[in-house]
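As written in Swiss-Prot, here are the features:
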- 21-39: compositional bias 'Gly residues' (COMPBIAS)
- 494-652: domain 'MAM 2' (DOMAIN)
- 1054-1074: transmembrane segment (TRANSMEM)
- 1131-1407: domain 'Protein kinase' (DOMAIN)
- Leu1137, Gly1138, His1139, Gly1140, Ala1141, Phe1142, Gly1143, Glu1144, Val1145, Lys1165: ATP binding site (BINDING)
Amino acid sequence: MGSVGLLGLLLLRLSVTASGSGAGTGSGTGSGTGTGTGQLVGSPATGPALQPREPLSYSRLQRKSLAVDFVVPSLFRVYARDLLLPPWSSSEPRAGWTEARGSLALDCAPLLRLLGPPPGVSWAEGASSPAPAQARTLTRVLKGGSVRKLRRAKQLVLELGEEAILEGCVGPSPEEVTAGLLQFNLSELFSWWIRHGEGRLRIRLMPEKKASAVGREGRLSAAIRASQPRLLFQILGTGHSSLESPTSLPSPPPDPFAWNLTWIMKDSFPFLSHRSRYGLECSFDFPCELEYSPPLHDLGNQSWSWRRVPSEEASQMDLLDGPETEHSKEMPRGSFLLLNTSANSKHTILSPWMRSSSEHCKLAVSVHRHLQPSGRYVAQLLPHNEPGREILLVPTPGKHGWTVLQGRIGRPENPFRVALEYISSGNRSLSAVDFFALKNCSEGTSPGSKMALQSSFTCWNGTVLQLGQACDFHQDCAQGEDEGQLCSQLPAGFYCNFENGFCGWSQGILTPHNPRWQVRTLKDARVQDHRGHALSLSTTDVPTSESATVTSATFPAPMKNSPCELRMSWLIHGVLRGNVSLVLVENKTGKEQSRMVWHVATNEGLSLWQWTVLPLLDVADRFWLQIVAWWGQGSRATVAFDNISISLDCYLTISGEEKMLQNTAPKSRNLFERNPNKDPRPWENTRETPVFDPTVHWLFTTCGASGPHGPTQAQCNNAYRNSNLSVVVGSEGPLKGIQTWKVPATDTYSISGYGAAGGKGGKNTMMRSHGVSVLGIFNLEKGDTLYILVGQQGEDACPSTNRLIQKVCIGENNVIEEEIRVNRSVHEWAGGGGGGGGATYVFKMKDGVPVPLIIAAGGGGRAYGAKTDTFHPERLENNSSVLGLNGNSGAAGGGGGWNDNTSLLWSGKSLLEGATGGHSCPQAMKKWGWETRGGFGGGGGGCSSGGGGGGYIGGNAASNNDPEMDGEDGVSFISPLGILYTPALKVMEGHGEVNIKHYLNCSHCEGDECHMDPESHKVICFCDHGTVLAEDGVSCIVSPTPEPHLPLSLVLSVVTSALVAALVLAFSGIMIVYRRKHQELQAMQMELQSPEYKLSKLRTSTIMTDYNPNYCFAGKTSSISDLKEVPRKNITLIRGLGHGAFGEVYEGQVSGVPSDPSPLQVAVKTLPEVCSEQDELDFLMEALIISKFNHQNIVRCIGVSLQALPRFILLELMAGGDLKSFLRETRPRPNQPSSLAMLDLLHVAQDIACGCQYLEENHFIHRDIAARNCLLTCPGPGRVAKIGDFGMARDIYRASYYRKGGCAMLPVKWMPPEAFMEGIFTSKTDTWSFGVLLWEIFSLGYMPYPSKSNQEVLEFVTSGGRMDPPKNCPGPVYRIMTQCWQHQPEDRPNFAIILERIEYCTQDPDVINTALPVEYGPLMEEEEKVPMRPQDPEGIPPLLVSPPQAKREEGPDPAAPPPLPSTSSGKAAKKPTAAELSGRVTRGPAVEGGHVNMAFSQSNPASELHKVQGSRNKPTSLWNPTYGSWFTEKPTKKNNPPATKGHHDRGNLGREGSCTVPPNVAAGRLPGASLLLEPSSLTASMKEVPLFRLRHFPCGNVNYGYQQQGLPFEGTTAPGSSQYEDALLKTPPGP
């Protein structure tokens, strides 16, 4: 922009201030992004009147500069037409259904703020943004000319003025604002251009051309930019929503052959105009684009804010040490900023938004430094959408007065602002600023703002996806339209799953013996997770070394700056002694350039399909892909590729900002060109060409420089003249003497840094302190800039050209020793210590901030009389959060660190201060000029003691000038970005070095060391001494050595004697051990077979139920004698059902029980013989608790058998299994309606409420009312629900489970707040749990509080949160739940009231006619794993159940909806029907982490029982490693009795504490009902366990884990595993 434009901008700002209105554009950007206190510099409150009109030529120039241009590239039209718009065809009329729409939209709020309210209308400031409404289309879209002419020109100019704003935003009625957007309808233009047009489409939006007051068009242009103009395009088909179609109209069905894509073009950074500046200079003599906080005041004496003060006025002020003359010498009379405050505050100067295209961009601020500063300056870099960072300000040398603070900004990727903060400390703080500039921020031409073209894909249900998510073989839309027929219509190669052939992939010239790529189905058993065809190559049939190449179709060039990606799945199965590469070949002009984008080299593949997404960067021409596989001898592998797709973003999306990308593609070492006329198979001989030359390395030296200052450019040019190095040496600032080097290629490099040695002392010239070496491995990318400072050796004290000093060196002058003898210290004759060695630094720049990679510390200087046995260990730091400080200085200087400041001349400087070496101590220079300076790299200067070495943390120097105290070495550093290859070692005796070379990966070698043969370019592994390389080239074997041969007779005699002796000793030992063990086993067996031995301690005492008053039955004492003893002879065990909390659970029969049929089917719970006393107490306690109850809704205890071992508890056999599994199994599904109705769920809830009422009336608190603890008599009609698990009540009954601070696991999701917060348990606790049980019943078995952990449930419930009703849950039922969940216990109803309300629900037609929710997905395990606590968590490690795998049920899988996403690695098993499961025992997965519920069956007739008993003589023994037990497995016959049909009515429940069931209901229970399974249960065989095997079962809670307080849960059973467990015998469950 010329001077006229700048003058116009200045007049525009003046007019905005004078008129008191504007667009609110801070810093001239037109977006109002400044701070709330922002104000333009030099904008007076009042100003002179301006001319009412401006020249036409000036107005036209200004209008052109303030326009907003939208340019859509012509390639977008070409690609959209070819990919999305198939030509019209009468045979395929669907192609004509595609529509193209377009519009240009602006927000009305900024435009209306500019105009102000119209006459008669008043709206508040917050109402300037009208409520959203249907966007209005302007009737006058185009200005001048015809549509035909504009189409021919492919350019549209839209002028926006007050009338258009009022028409589009306010409407015809000015009393009411109706539109939130102002839109131009461009559908006709865009539709013509996308189908028939040529070239690019350009749309220019500018202020209306009218003569008006100065600044009017500028304000209007700023308002237009603030309204965020954006261009919207849409290509859609019939049935899709449109940009302009009303949402209330019904849409026709979607077209599966038409796209629904949307594009939005807008400025990447709307707050930046195209006039964004790349530099700024403000001397405060004229108005500047700066903002202030607090605002600037030119008039008055505002002590709390900035003021612009002329220099002549400052000379008249009575300011303490204030500035009297202006810093700019070229202007004798000028102005500067002044701040005079007495408060502790922070004042800020903020720059406008800037950009930088140069690494040399810096901030320069001229301030006045006072003798006694009372504040400090801090600079902040504030990039867009990034956190700010501090800019290091370096002042010019000087004590006080005007000085320039400079800080490096660099080249930030995003636009940025710079804030200069002055932090005052009170006491009349004074600040003066004369100059504020951003310099050297432009490099070449400055690009304008970038328009981003963002694309999206809209699903049929309205879900919006990024365009890159479409056609990527991952279904994101609900109906899969993003992966449907649309993708199959793309050109060949864009979307390829190889189901219809090669998809455009082809091979070169094939011979009969050459391997070839094939499209086939993989039949290997290990890769059956993939179905369908794939592009595969087999190396099994090719014994020799070979290669194979397959080439894709040719793809057009992607859009410039597009996020282009390649997606593919690949697999390597077997042993591949070679590599596979994916090469991108770009068709450059006259040649083809190839580069590798993906590479894998492996010995043995994982045999798993892997998904890879590869960015395709910097592709500017047509390209194709090549898959190249090479293998050597011994390869037996299958290489396969599938689901290869090119993202549509490559051709239909444009990123707004042209990012300064380096090579961010995957590691690519091969970059070559070939002639298109040559053999089109360039990769056949690539194995013979080295990927890189391992002998090439880059050695960086000091370039011949020495002393405290680094080398110059001329020195390094001369030093590296005949080498492969090319460096740039800094000449000023902190980078002076630092060499910069660009990485030639993306690769892994080893960087060896060597610090410089320290100087020698005057008397000890035999040994110096060595520099430290550090070697690290780093991944570097092509174009990365490394900054390398090579440390220089500290200066030696001797020899010297000074004669007096030379005499001291050779021992002819002993003045130093004399002073030491007299004063015991050195002061007058100080000197003679060596300077500290400089450190070697290798670092990078990230956003202008140095980031260290490797720092090799320098050695400390030796003292004048240093001892020879001094040793300083190496120190290494790898934490960048540790401050890199300078070493402590005394008479000698400490070493320089990474980032610190020092004012001592003899101290070494830190890297950010320039890293120069320190001078000698002043006394040494003054007395005899003994100069022992520190080396470049932060070495400290010497005195009589040695100087400290440089490093990340500088080495310390002696504090008292001890002539025997050496300077300490610095601290080395390696970045966490790298890998430390060798530890820090002191090795360097001179100057430092840096050696960079390619790192050869030797991880496949046994010794992790290898080298590459320079002739054959093969990697050869090294072996340790005494071993040689095996034939496989990887392993090391001991080298065979010839041994002396002994006579054969002697060898035979020795071997025979040794064998006989060994056999005799072994036989004797076996006999002795066997006899001893046999005697021990006999004694133990006799002792264990005595029942009195185990019951002696139990018979002498009784168990009191008064431990917990809540469990007391009228305070009576219960003993073993109260239990009904059943003789062992009357008990017959039929088969094993599973493993319970104490031991095995069996199905059995008992006879001779009064008032019961004989034989009676029962469940027998066993207690193994070898048990702890605590287990016996638990076993008996549970028997006592269950025996106390006598109710039809509580599982009945038939009796016990305790007089013989093992001990038994006989319980009522429940064939229906647990309630939770029943609900989950009977969920209705689309192809499987449920046999349940809402009335069935109410009856189940009624049964459980009856049992709870009985417990409540007997003052018994269950504490764990949950669906998993309720059992059903049968799964069919007539079922009765009963409470069947009192494990938790048993533990609380024992008064040890709820001990404070223990490892107890509580059912948190079923507990009220007072229970888990205060430990209060009442009958209202069971009321709360019953409400959760109701939620489980009516959600059909879902886990309460879905997706919440126990901790989250605690916080949710205590904060007042409650669960939402389950799907299709009737309102009256949910009201019962909410009443049970009242926070105050007294507000919860008792079970009599709950029963009454459930009864009402059973009579309500609206409730019982409610349909159950339908499950549309496969059943997924949403249960949480419930770890349990053993009795002694400190002594017993957690034992987890690991049951054997069950066999899959044979038969075809039923039709099911598509699977839902799941994180479980297991697969859902087929769910058998009830008829199929009758008469067989099944196993289900551990869905509740240790609570695997029992399933019982009563379908075995008497004849079947005799068959089972008669077949015990031929068992098949199976060892169960989980429980250490033997099971006897025997196949059984399936008996499928028909289920009795019909639904029996339920009787009314009593309200007096006991619930009765009518006789007809009891008689209707199905005794032979089929077995109910877990949701994913598998079929298993019946098992029978002889009684004598029960003695060897372990006891205790072996299948429960526990958790120490504060530790995470351990995993339980593996997915898909199964086990048995008795729901009656479970220990207290977890949530």
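Note that Cβ sites are derived from N, Cα and C of the backbone, with glycine treated the same way.
Since this is a predicted model, take the numbers as computed values, not measurements.
Everything Swiss-Prot records as a feature, shown here on the structure.
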residue: Leu1137; record: ATP binding site; CB count, 10 Å: 25
residue: His1139; record: ATP binding site; CB count, 10 Å: 26
residue: Ala1141; record: ATP binding site; CB count, 10 Å: 28
residue: Gly1143; record: ATP binding site; CB count, 10 Å: 28
residue: Val1145; record: ATP binding site; CB count, 10 Å: 26
Tertiary contacts of the transmembrane segment (1054-1074), as residues 6+ beyond its ends and Cβ separation under 8 Å: none
Distance in Å spanning the most remote Cα pair of Leu1137, Gly1138, His1139, Gly1140, Ala1141, Phe1142, Gly1143, Glu1144, Val1145, Lys1165, given for ATP: 14
Reported mean pLDDT - the domain 'Protein kinase' (1131-1407): 88
Three-state secondary structure, Gly1143 (ATP binding site) (per DSSP): coil
